[in-house]
Amino acid sequence: MTTEYAGLAGWTPAALPVPGEVRPVVSAPDPVLSRPGPEVDPTSDEIVRLAADLIATMRVSPGCVGLAAPQVGVGVQVFAVDVTGHPKAVTVHGTFVLCNARVVEATRWKSGREGCMSVPDLTGDVKRASRLVVEGLLPGSGAPVRLVTDGFEARALQHEIDHCHGLLFLDRVAGAHAIYQRKVYQ
Amino acid sequence: MSELAITVIGRDRPGIVADVAEVLARLGANLTDSTMTRLRGHFAMTLICVGPAAADVEAALSPLAADGQLLATVRAVTPDGAAAPAGEPYVLAVHGADRMGIVAAMTRVLTDAGGNVTDLSTRLTGSLYVVVAEVDLPPGTFDEVAGRLARTAAELGVGVSLRPADTDLL
């Protein structure tokens, strides 16, 4: 069977039939962040609620451009991304949630400094593809989606897909001197 | 011409690098390889320099250590040039809840496999302990080493990843 992939086709969080609730964000070394998550049924009530909660939690977290289910303590392959308005973003697909997402094409690798809400005190230099094709399923309808993106949104997608597979940016840093204490300016 | 290994560590304050480098420059000591960083409020320097006798450098650095805030050691070493890389370069990352013996257990796996750690740093932040190491492994040992590291990490309750070091030749 060939799956017909479409774009996001105007999908918005309003497509989710439930309002999201803010969930607490867990930090490393919580083991849920290091365990690969299983695939999910994107049409199940539980996953639809999780999708809405991920968006709600992302919304209330300053500077947050993506949040994966393991970060709210649920070790499954679901994440939300929204890089709207970010100065480094070029292609922007708005707010969306993907289930069981996988990278199908990754090119133009570039290094960049990355942080993570679940590793609040450290940042690190990580090489990511700046041209990316990702396939996944929308929560609710379960519709298959193929996203072509670049730059900062591509980086955010790879970071969140890594979370779904139990990987943190710490697992991808370039070397022994590529992690940094996050600077606190007062 | 002697080669010296020098370490300086002390409570961080502005001017440690300038003070030490000035002493070395005055003695005609040529600073070659070095790392200098701040570790939990202490400033640590490890340097190799070439030139004067160890006793002269020790004497010249002693005023800096006089207030008890800095500790400097100087040792003559045998210059034996750069060692050829012993294998294929990889980056090891370990992260998890802090506990005794993480570095010991993980590096022992590397050593037992004939690997060599060439660079390593650790960070403790809250209860999160992070180790990132660069390591040379003998060709053909990656799968076995990765498996052993995963088993050791599971025993310690930490996460581990081992991946080839990325080298861009331009």
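Note: Cβ is positioned from N, Cα and C throughout, glycine not excepted.
Taken from TrEMBL as is:
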ACT_SITE  A:GLU160  active site
BINDING   A:CYS116, A:HIS159, A:HIS163  Fe cation binding site
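Projection of TrEMBL feature records onto the structure.
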{"residue": "A:CYS116", "record": "Fe cation binding site", "Cβ neighbours (10 Å)": "22"}
{"residue": "A:HIS159", "record": "Fe cation binding site", "Cβ neighbours (10 Å)": "23"}
{"residue": "A:GLU160", "record": "active site", "Cβ neighbours (10 Å)": "25"}
{"residue": "A:HIS163", "record": "Fe cation binding site", "Cβ neighbours (10 Å)": "25"}
Shell list (Fe cation; ref centroid = CB of A:CYS116, A:HIS159, A:HIS163; cutoff 8 A): A:GLY66, A:ALA68, A:GLN71, A:GLU114, A:SER118, A:GLU160, A:ASP162, A:LEU168, A:PHE169
Secondary structure of A:HIS163 (Fe cation binding site) (DSSP, helix/strand/coil): helix
